[in-house]
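**Q** Pulled these from Swiss-Prot:
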- GLY12, THR13, SER14, MET15, ASP16, GLY17, ILE18, ASP19: ATP binding site (BINDING)
Amino acid sequence: MNTNYFIGLMSGTSMDGIDAVLVDFSSPSPKLVAKHSQVIPKHTLRNLQRLCLPGSDEINLLGQLDRSVGLLFGAAVNELLAKAGISKEQVVAIGSHGQTVRHMPNLDMGFTLQIGDPNTIAIETGINVIADFRRKDIALGGQGAPLVPAFHQQMFASPDTPRIILNIGGIANLTYLPGTNDDVIGFDTGPGNTLIDAWIQQVKDQAYDEDGAWAASGTTDEKLLKHLLSHTYFSQPFPKSTGRELFNQAWLEQQAAEFGYLNEADIQSTLLDVTCHSIAKDTLALSLRGELFVCGGGAFNTELMSRLDKLLPGYKLSTTSDLGIAPQWVEGIAFAWLAMRHHQGLSGNLPAVTGASREAVLGSLFPAD
């Protein structure tokens, strides 16, 4: 009986659902044994979106959502195991990212906050949980993000071939794997799907722009594009990370206020170009050519992929499927891997990426007993 399974739980800034993966690490290449996506109920999603912005009675809302999200994460694990026909006794630990509700690493007392009570997950599943992966890195002077570049390096690096792994979730982040002994570079480029999702939700009450079809029907307004790309984040040096605290619907409405004459589809096209141009600028600053593999929800946006391809003529553009891991499961597997690293007493961060003063074992253990 295999007892070397780890589970990864991930809910990103898009908050489009909880990804749960069961991974076998008994061989050098991880094997994805089972996968499950759990929808976040609408009332919980509304409260999470509310909590991501400053408001009243935040502590009460935070406490209740911490438990609610923990229960959802626990249910996702139980559903995953039922699907796979695997008993809880075969799982070493769950690596839970949690749901980020605030990420502000650049304050004098920088912090990041993920909810989804790991004690609740442990009790609901009967499996030890490793969680709170980001705050050790922040305690060491780092950004606490992105953390997945260490996993990207382990799984996707290729000698003598520069590669970029680009994750496009709510926020987009890239990992530059130089193919040499040089340091891996990784950082958040800026908005991924967060602005295009916010705009289509506001105008059409749709969760996302499928295939980027609405953006494709519009024409980018160069003046608005230039205005949005003038945000100071885009010119900051790395290491850097961001989130919905900077790029959200309120910011979008404020920035677009003087552009009310624009067609709604033209605004969507412009927002998609904010994502594509910010990614392309940072990519070209690292290397003019190479291989670029996309993961995350953005990999399924055909208009986004097409525009990126045009902006990066020196790159061979594809998805992480070509490297053996489907785009939607990369981050979940990464947190299963981080749980395994914690279990083995191994570091999980890359100081060159996060800015931390040293490598460290990430996460805390929450026993099921």
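The first residue you see is number 1, and the count goes up from there.
For all residues, glycine too, the Cβ spot is worked out from N, Cα and C.
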**Q** Sort out for me which one of MET15, ILE18 has the most neighbouring CB atoms within 10 A, since those are the binding-site residues we care about.
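**A** Result of the Cβ crowding comparison: ILE18.
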**Q** Return one of helix, strand or coil for GLY12 (ATP binding site), based on DSSP.
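**A** Once the DSSP labels are grouped into three classes, GLY12 (ATP binding site) ends up as coil.
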**Q** List nothing but the one residue from ASP16, ASP19 whose Cβ has the fewest other Cβ atoms within 10 Å; the candidates are the binding-site residues.
**A** ASP16
**Q** Between the binding-site residues THR13, SER14, where is the Cβ count within 10 Å the lowest?
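**A** Sparsest of the binding-site residues THR13, SER14 by Cβ contacts within 10 Å: SER14.
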**Q** Per DSSP, to which secondary structure element type does ILE18 (ATP binding site) belong, with helix, strand and coil as the options?
**A** strand
**Q** Which of these binding-site residues has the least crowded Cβ, counting other Cβ atoms within 10 Å: GLY12, GLY17?
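**A** Per-residue Cβ counts within 10 Å for the binding-site residues GLY12, GLY17 bottom out at GLY17.
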